[in-house]
Ligand SMILES: [Zn+2]
């Protein structure tokens, strides 16, 4: 029986692997700073050979963050769209929700009626 040895070997192996992953940060990486309109700084790191995006999402407030600290991307461009979406969602939540429910119920009744015939 070699089962015991195999398990011991796996444990040893997995320990070695996780250690290697942690040390894997020595692989060439670049850190890029981004600033959002609220003055937050995010500093994601990318593989050295990766193409660095112009815009990064701020991890603190979700606004787009740019690489130019003095001139962060304006969040205003997105505001009308967001508020419009929120408005639509609000309107839909009650009236349309009931309507959809009604529709679904009547469809269900319709289907039942047909199957009974
Ligand atoms: Zn931010």
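Just so you know, glycine gets a Cβ as well, placed from its N, Cα and C.
Where the annotation comes from TrEMBL, it is an automatic prediction and has not been curated.
Among the residue ranges 40-61, 62-83, the one that TrEMBL annotates as region 'Disordered' is 62-83. For the recorded site, residue 36 (Zn(2+) binding site), the DSSP three-state label reads strand. In sequence order, 35, 37, 38, 39, 42, 59, 60, 62, 63, 65 are the residues of the same chain, not among 36, 40, 58, 61, whose CB sits within 8 A of the CB centroid for the Zn(2+) site.
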